[in-house]
Amino acid sequence: MAVPAGFLVISLLLSCFAATSYGVYFSSLKETLEVTASPTKGQVLKAGDDKITVTWRFNQTYSAGTDSDYKTIKVKLCYAPISQKDRSWRKTVDLLKKDKTCPHKIVARPYTASNNSFTWTVERDIPSAVYFVRAFAVNAEDQQVAYGQTTDAHKSTNLFEVQAITGRHVSLDITSVCFSAFSIVSLAGFFYMEKRKSKASQ
Amino acid sequence: MPEIEGSPGTSMHGVTGREPVLAFSVASPMVHMDHNAKFDLPVDSEHKATVFKLFSFANPHMRTFHLSWISFFTTFISTFAAAPLVPIIRDNLNLTKSDIGNAGVASVSGSIFSRLVMGAVCDLLGPRYGCAFLIMLSAPTVFCMSFVSDASGYIVVRFMIGFSLATFVSCQYWMSTMFNSKIIGLVNGTAAGWGNMGGGATQLLMPVLFEIIKKAGATPFTAWRIAFFVPGWFNVIMGILVLTLGQDLPDGNLGALQKKGDVAKDKFGKVLWYAVTNYRTWIFVLLYGYSMGVELTIDNVIAEYFYDRFDLQLHLAGIIAACFGMANLLARPFGGFTSDYMAKRFGMRGRLWNLWLLQTAGGVCCVCLGLVNSLPLAITFMMLFSIGAQAACGATFGIIPFISRRSLGIISGMTGAGGNFGSGLTQLIFFASAPFSTAKGLTYMGLMIIGCTLPVSLVHFPQWGSMFLPPSKDIVKGSEEHYYVSEWTEEEKQKGMHQASLKFAENCRSERGGKVASAPTPPNNTPGHV
């Protein structure tokens, strides 16, 4: 019985390892897209209010036919290294399946070589952080085949900031105070009434 | 008394063949029943119930049970409500990894202090007031989450909400006043275990509330704040129910009984002294830190561990995390049950061995949890670990009521505080700012559990023995009365303040175990051949 059990354990472990190492690596992608975004360097955008205009096109210096398998362009908002520090849930990993650098989708469009642009209002669930924009070219099997980004290879230039909404509201604050007051007052009331009852019964 | 109690031939246990085998009820003549008392359940001479009827709400015993465990459940929901929502909160408040870790430590640290205070409050004012005051005063702290806008505010609010975990002490204390010592292991284990389930229930409840509120139109960064109103209102409602429906003791409320003179008023300084100078208290403070403490730590880190290590989606990681906490439904009562079961045959020695076995097994599974790389194995070891640790919690509180009668409240409080201290310590050492990965942290924590469980072998009761040593052969020193009455001075005994301890001593003679069916021969009856 020990042998089949051991075999089962080992095959489970191997299958887990096998599954995780299959996929596209970012370092294998070519930067064939030119992407620009409207925010200037260091600009602070307000979530829910301000807009970003993204434009992208195929870099013509690459030979024609390089973009033959590009089906869709997915444009994403990505964290700059400073906003990834001490935050392992935003880590950059080469295997794109596990990469958490670019979680926020801006737009997905069918691929055309030029004249692409999109204006996006920064959504209200975007957290306060420093960002850049990256676009992935995706083939028919939904695998990334190329990319372009608004910053350099070290992700240090052309970064902009988003200031998130607080999520707080005055009405919420007032409700909170009222509920708290109810709790304290009813407790005091009960206590006082019980003390009075016991004094009266003496 | 016509016959010498306990002498061979007097026990009627098993004679009719209809006595129940398991510890759901007490039917041995070693427990002095009071048949004149008018309660729904059969009671002993202290009017504590000797039967545990789970689905009854009869006043006072079972009603107390339900009020007690549900209030404790509510505070667990409030304290760990933030944990499953951390992925949203960390984006809203711009938290770093160490902010999140520190908040986790803060959430369990507040109650170190409040559990100590609650022990004293229960001894002096009664568990009903203690429980109600605490949960109604901590409701505002839960509502305060709507004001939080940065890391420091978040840490402070989680710290303040954490104070409410002291309801654990009032819960256990209240059970000890209502239920006989033969079934106290099972009763305490069930009440605390079902309360602890709140840590699991909240991992399911809060994400669901969050989704509903988001669907109703709120943005994520507002929705999670609104979601916190629900645990806050649970606190308020339970507080009101406890005040209106609960009572401290089977015969009434503490204040009224103290005025009538039925219950002696005790001095805090004395109660504290007898708790602190009993070495067993400190051993259990340490032990509980590595059963309950690690359970609280896991409540805070496990969802994130599965999310990151195995790349699960948030709701799936939450479901697995919930399973850990929900195992309390059966695991902790199981620990109390095995404690009572071992006590039937082996007495207190059985209880001690039971505790050591369960807690060490939990530690071994924790070591394995950190080592395995596959998801099914990790879940398996996590569940085995949860059963071991939670059953050990139940087994611990199967023993605590016997350490002292006078200072039960403070000892429960200190042990409970030890649990939280252990949690804060393990989170600090192994997770919050650790240089190694969470997986290694789990393994090291498992090793520490195994090491810190060894001191249970040092716990020795003169009347019952310890894991390796037999009880004292001295007739006087080896009696339960001597142990419990030694907590009172001569003047206090003259005032009759020790009567409750005497009653308790006679009711807990069953801790000698099944083989020792006869009580020691009374001094004025020496056998001829000696």
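Glycine is treated like the rest: Cβ placed from N, Cα and C.
Note: TrEMBL annotation is automatic and uncurated.
According to TrEMBL, the feature compositional bias 'Pro residues' maps to B:520-530. Residues or ranges marked as domain 'Major facilitator superfamily (MFS) profile' by TrEMBL: B:64-458. According to TrEMBL, the feature region 'Disordered' maps to B:509-530. Annotated transmembrane segment per TrEMBL: B:67-88, B:129-148, B:154-174, B:186-206, B:226-250, B:312-331, B:352-372, B:378-403, B:415-436, B:442-461, in sequence order.
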Pairs of Cβ atoms less than 8 Å apart decide it: which stretch in B:154-174, B:226-250, B:352-372 has the most with the transmembrane segment (B:415-436)? B:154-174
Stretch among B:226-250, B:352-372, B:378-403, B:442-461 sharing the most Cβ pairs under 8 Å with the transmembrane segment (B:129-148): B:226-250
Contacting positions for the transmembrane segment (B:154-174) when only residues 6+ beyond its ends and CB under 8 Å are counted: 64, 68-69, 71-72, 74-76, 78-79, 81-82, 89, 93, 95, 99, 102-104, 106-111, 113-115, 117-119, 121-122, 127-128, 130-131, 134-135, 138, 141-142, 144-145, 147-148, 188, 191-192, 195, 235, 248, 397, 400, 408-409, 412-413, 416, 420
Could you tell me whether the transmembrane segment (B:352-372) and the transmembrane segment (B:186-206) are in contact, taking contact to mean 3+ Cβ pairs under 8 Å with a sequence separation of 6 or more? no
